[in-house]
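Okay, so here's the structure we're looking at.
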């Protein structure tokens, strides 16, 4: 036995058991799994040994009163055998190959705390937090930006030359401050890096909070014999965990007992087979008698793996490993990686890569032109060597400025900021986002396939009507009875004469007067049928006993308790323990339970869809007053019962049938075993020859606001379809109440939908509004049919079998209240309130995210074009190669157009007008024609203003040179500030102030920009190469900046059709061909890889951190290249035209003479921008 438990260097720490009050250490328990080991299970004494060794109970679980454990349970006491001997090294940490997970600091588990010893020894079910990068580390990453490093080197050289000129030479006129600009550039680079690092730090913290909320959920355990609901983080080793269909198991354990527990362990083992679990006691008995049991040993599997999904059955297990000691915990620790890129991020990366190449080309071209000019002048220059060096540094800094300003790393980062802001707000509005890309996709959704129960309805269920036996007794509230009386004379057809006759003889009573009308035997049968055939349990809330479970089951239990004095579930189940249970399955649409009767007989109870149950009923209780006396189910009884069900459904009531069957033995004769287990029986073998008990109608009102939400979807161009398991009458009534059938549309049952071929389905899915009595597979097929027609589909689901449809949809919504863990794992967004109106909120936020990024894009590309061209033109036309905007000034502009603008524009909340337009198609360009119209129009205006001031200003304004350059700088900045306001709209509507006051961050950022610019002009002096300007000059700056807004109005008034008419025909054809190809994400990602590789080589730093090439390679490794897509980005001509302009402007008269009239050149060197697009 020693070899089973011999520690290895990597897990010696788990075997240390000093002061261990338990018989086993985490190391001993880890030997159960990886791989599964029945010999270890046997060596630990089976279930009895595990119970003793972990000081727990397989029936009652842990005691909530447990604190410190004074005594000690030995290995021998627990297992009945001698403890295996092994030697631990004196310094195991030095041999450990992986970092030790320290989640159990002693101060967290003080003596006297609940379960203190248990937590100290075995840990808690929490994985250690990912070690996030510190603020200083993020600053260091930001400083790795290659262009900023180059600029810093240039600034240091410039500083050295300046210091030499100031302190190493004799004083000269206007001298003494040559070193200022070098210092200012270095300080500006530090500020840019600090601001960028701060944004990254805040973003990381925000996503950490989101991940914590995503991972937390509630589970059911048994403590002191009573079921209770606790957080997944509070599960402990020794807990008795309750398992049911749809659970994702959060811990490792040993299966104690249950019914038909089958698990999918593919996420843990990679094996796709469904594994049937063997109770631990049965497994131990077989292992002790291997000769007698034969082949049964091969099928034994009492092990519960964390991360596995419960596909069927109910049961309990004893927890043996939690947190990092569990199978899933170890896997998660080894797989932690960067978050995935979203499609919008990839599109922006692609665009940014194009612009980066063009910006670099522009910088190299400018350097070449200015360097040639420098060499030509060098021959006749009378400057000193240090002045020549300073001039060369001016050329170098100006060229670097072009690259820094032109490379828009803010584009791919802007969406991160928009997503982090939106996901935080969406969580507050009951949308917990699991996959970030779903936010973007939801903005362009064209169809929503919604469940009915709990999504369109309130999921607050009450039994308000029903019929018992052969339909002779009907109960309900007054409205229901009035409706039934009214319809009794009109709804029966000529063929239903028997039903007509029976209807006239039936007894109709109010729901509150039902109990006296039925026999005690029937009352007991109803209580057993409802109390045993359920997975619900009782708990205490606010001092009151309440039922915890599905809303349908709790409605039935409340009805039985209020009308038939149902005992507590604990008493019912202890008096009539279930021999077998068949949990609800959406494919069979019913559930069952088998109990043993005192007369050594067995009784099967089944509840579910009434028409499914009726088809298997050969008998029916004839009169509730006669107890359990039954008669044959003839056509008359069947017609009357179906008529009642149809009438209940027409009142928007969910209908549920109840039936039973008595058996002489268990398992029944000639029954087939389920999953190869001789003690389990196939459900179909017992679900026949049933006796009909009755049907109930359950009221589930339509949610308040759903009708308005459906209208909003219609206005937004999004179709809504209801997919439900309810019958067609109930579904139709609810659909009408929700407004789904106001404009017509088709209502169909799942059976009919299933019979269609793909072509027939494609022809009807557009008109389909309601799919009733549908299965999860029908939902998945519907999603695929809609997608084949080019629709972007969002779908809701709550059950385990909904997972394929949730995965297949473009956006999957699971239910946070009623959804199973499997459904939540398969979904993109969890609806925390299960409310359809929350889906509309997600739609609004999705569109807001896309719009926010486009607003930022529209703003930044305008600044990019104008700043690059202005720097290029002014530097080329200047005799000394100096740009009109200095390096420090451009770093300030870069900070405005990146960090401040991103914070201002990417955080705009959604407004009502977002739902007034149709969704964008998949092939829609990132930058629309309307946006290009605004970008080009504003760029022309800004360039015209600044170039006129630069070339003609000295002749007409006659300001001193430094005031002239300050005026141009001030005007340029205020044009960007007013352009920021103008960029709040990306369409042709004129109200740019809509919702402005709701975005307080926008107001704050705009105020910081204005205050910062005023401060720079007043006190910036030599650091920013500015001087104070007069009131008139301030007026000119503000007026020219403000005119950006009326210019925007004029541009919006120009019809897009005019612009479209100016586009060459060959370009339109090319775009049409591209659109026809569709957006191939895999091919696009391969292109992104190439562009980001250049982008990363060029910049590094934060871009290397945020666009890790290892991760990008990981995302595209499965993609198939379908040919590289040539870029049609209009940024090529927009930025590339700078070379042509340089040639034509080189001969223009330059204002440099006026600016350098003093005989000493003022340093107006080109600057460089900093980090772009703080996220």
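The backbone N, Cα and C atoms fix where each Cβ goes, and this holds for glycine too.
Heads up, TrEMBL stuff is auto-annotated, nobody curated it.
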Range annotated as transmembrane segment in TrEMBL, from 147-167, 210-230, 231-251, 252-272: 147-167
Which listed span TrEMBL calls transmembrane segment, if the choices are 351-372, 439-460, 461-482: 351-372
Candidate ranges 280-307, 308-335, 392-419 [criterion: TrEMBL lists as transmembrane segment]: 392-419
Candidate ranges 768-790, 791-813, 814-836, 883-905 [criterion: TrEMBL lists as transmembrane segment]: 883-905
Same-chain residue ranges lying at least 6 outside the transmembrane segment (1032-1051) that approach it to Cβ under 8 Å: 933-934, 937-938, 941-942, 945, 959, 963, 966-967, 970-971, 973-975, 977-979, 981-982, 990, 992
Ranked first among 856-877, 883-905, 926-952, 1001-1020 for CB pairs under 8 angstroms with the transmembrane segment (964-981): 883-905
Same-chain residues at least 6 beyond the ends of the transmembrane segment (926-952) whose Cβ lies under 8 Å from its Cβ atoms: 347-348, 351, 854, 857-858, 861-862, 865-866, 869-870, 873-874, 877, 884, 964, 967-968, 971-972, 975, 979, 982-983, 986-988, 1040, 1043-1044, 1047-1048, 1050-1052, 1054, 1056, 1059-1060, 1130, 1134, 1148-1151
